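Copied from Swiss-Prot, the annotated features are:
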| type | residues | note |
| --- | --- | --- |
| REGION | 1-103 | region 'Disordered' |
| COMPBIAS | 18-33 | compositional bias 'Polar residues' |
| COMPBIAS | 37-62 | compositional bias 'Basic and acidic residues' |
| COMPBIAS | 63-76 | compositional bias 'Basic residues' |
| BINDING | H194, H302 | substrate binding site |
| BINDING | D214, D225, E422 | divalent metal cation 1 binding site |
| BINDING | D225, H294, E327, E422 | divalent metal cation 2 binding site |
Amino acid sequence: MAIGNPEVATMGKENTEAESSNGNESQLSSDLTKSLDLAEVKEDEKDNNQEEEDGLKAEASTKKKKKKSKSKKKKSSLQQTDPPSIPVLELFPSGDFPQGEIQQYNDDNLWRTTSEEKREMERLQKPIYNSLRQAAEVHRQVRKYMRSILKPGMLMIDLCETLENTVRKLISENGLQAGIAFPTGCSLNNVAAHWTPNSGDKTVLQYDDVMKLDFGTHIDGHIVDSAFTVAFNPMFDPLLAASRDATYTGIKEAGVDVRLCDVGAAVQEVMESYEVEINGKVYQVKSIRNLNGHSIGRYQIHAEKSVPNVRGGEQTKMEEGELYAIETFGSTGKGYVREDLECSHYMKNYDVGHVPLRLPRAKQLLATINKNFSTLAFCRRYLDRLGETKYLMALKNLCDSGIIEPCPPVCDVKGSYISQFEHTILLRPTCKEIISKGDDY
């Protein structure tokens, strides 16, 4: 049996111990590496999970926002139908209606724009202003629709009934609280105003007609009166431009403390600067001297003051808070109108007191008029619509008694043509507002 060298054995033992220690160290380092790797993997997984959660939350919040924005869009996307059928109140649920065009007073009244007292007065009058603006918004939407459907060949009575029924829908007609302020005027050619077809009328709108479409709306008796002229033949364009320009001149001149005669002088100067050629003959456009603009009262279309369309009128001044219809008429005829044709417009006398009536039928008709129109103008078609029959004798009796005032059509000479434009303006303490102004005129 061989015996080994002790030094060699010692060295081998040392080597074995060194190898084992090295092995342990490498084992520890590999274990540490694995644990670090596992920690990193877990951290990555945690980060990924967090990112996924954040993504899901963001996606959910985006969906909610989209839903909210969609619901908001749905709420605010209510628009007028074609033909118009949605009441204007539903289109403006806040109850605030669009302002008309604002014009500042001339420099001599500039102090009004800085007066706190004047602005406070405006705030107190806001409910009245809002009623006027609501009536004006109905007027704008109705005339926009009517312009889109007007064409030669239409029966005038169909035209009027379409317009009036649209007004009734959009204004949410409610007796004397909201509705039509006066009958639709659709006067043709040499007829300047106050013509609307009676029941059974077969008049047809022609290509060469010049039609004045004049209608009014009201909320609680606060009336908006506005008119424009329609002509399909471009030959009449200068005639329309004359009255349109003259109307805006009158509006520009109007204001607090302005004399009515000064407005008339400015209107005439502009109107009579125009000429129109019709079928080879040139006519100077004349301002009709016996038709005027007018102040407007509550349930009173023609109040106390008249705004002339020619120079030399009244020295009376316009006053703060007043409502005016500035309307001008340009004619190729004599520039003077007379009553003619069958009467269709009627209106209860605003200042009439108690008048004893003998005819029972007249009393009954007056009760109908008081209930449905009060002192607002009406026409025979409106009485027909209410179911009144065989009323002409009773109506004549009311006219003869001075209770009802007939308003027959007014005409220039035959063969002449007349144009008209009209706006309602409000003389506010700080500025004037063209209540009925729209995109069309």
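Placement of Cβ uses the backbone N, Cα and C atoms for every residue, glycine included.
Recorded features from Swiss-Prot, shown on the structure.
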| residue | record | Cβ contacts under 8 Å, 6 or more apart |
| --- | --- | --- |
| H194 | substrate binding site | G185, S187, S344, H345, C407, P408, P409, V410 |
| D214 | divalent metal cation 1 binding site | T184, G185, C186, S187, A193, D225, S226, A227, Q420, E422 |
| H294 | divalent metal cation 2 binding site | I301, H302, A303, K305, S306, V307, Y324, A325 |
| E327 | divalent metal cation 2 binding site | D225, A227, T247, L291, N292, G293, Q420, F421, E422, H423 |
Environment of D214, D225, E422, the listed divalent metal cation 1 site - residues of the same chain whose CB lies within 8 A of the CB centroid: G185, F215, G216, S226, A227, A325, E327, Q420, T424
Near-site residues: divalent metal cation 2, ref D225, H294, E327, E422, CB cutoff 8 A to centroid: D214, S226, A227, G293, I296, Y324, A325, I326, H423, T424
D225 (divalent metal cation 1 binding site), number of other Cβ atoms within 10 Å: 28
Packing count at H302 (substrate binding site) (other Cβ atoms within 10 Å of its Cβ): 19
Three-state secondary structure, D225 (divalent metal cation 1 binding site) (per DSSP): strand
All-chain count of other Cβ atoms within 10 Å of E422 (divalent metal cation 1 binding site): 24
